[in-house]
Amino acid sequence: MSRLRVYRESDPTRADEYTTLEDIARVAAEAQIRFERWSAERPLPPGAAQEQVLEAYAGPVKQLSEACGFVTADVVSVSPGTPNHPELRRKFLDEHIHTEDEARFFVEGRGLFCIHHGERVLSFLVEKGDLISVPAGTRHWFDMGPEPSFTCIRWFSDPKGWVAEHTGSDIASRFPRLEA
């Protein structure tokens, strides 16, 4: 079940928690974050290739691309069998920004998408069917957990795809992580 925990930047031990789609979307919107629940029921073979995932979700990919001006989409899929998953986890765990909007739709699995907004940290447990989109310049990080298992579609305005600018902050290390 999707969940949002909102922490004060200065206190990673206490949070307000939201579990309904309506509450999560409302609190997210207050921080200029888009959170929606989409259908993720298209059949995919185990270990589906990027082309298979994008083809299965061609309609939603095209619709969001046209609505938001995205020019490319890719698929990231990580499992415990992915040889470099510890390095991938570390790569996404540091707080960073993008110079473009970022959107992710979880086709399978789950992850912890954290937004550093003002003096708060919004920690979204995103799961199959969740779409989260953040505007350019939003400080954030993503935790796939020690035993990752997810597939998500990512949209970009820049044809180069995922390009992060790390902030140098250690804030992500002070907040709860996604555990197995």
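Note that Cβ sites are derived from N, Cα and C of the backbone, with glycine treated the same way.
For the Fe(2+) site, Swiss-Prot lists HIS96, HIS98, GLU102; matching the candidates HIS117, HIS140 against that entry yields HIS140.
In this structure the C-alpha atoms belonging to GLU102 (Fe(2+) binding site) and GLU95 (site 'May play a role in metal incorporation in vivo') are separated by 14 Å. The Fe(2+) site is defined by HIS96, HIS98, GLU102, HIS140, and by the 8 Å test on Cβ atoms against their centroid, the other residues of the chain that qualify are ILE97, VAL134, THR138, ARG139, ALA164. In this structure, GLU95 (site 'May play a role in metal incorporation in vivo') belongs to neither helix nor strand by DSSP; it is coil. There are 22 other CB atoms within 10 A of the CB of GLU102 (Fe(2+) binding site), with all protein chains counted.
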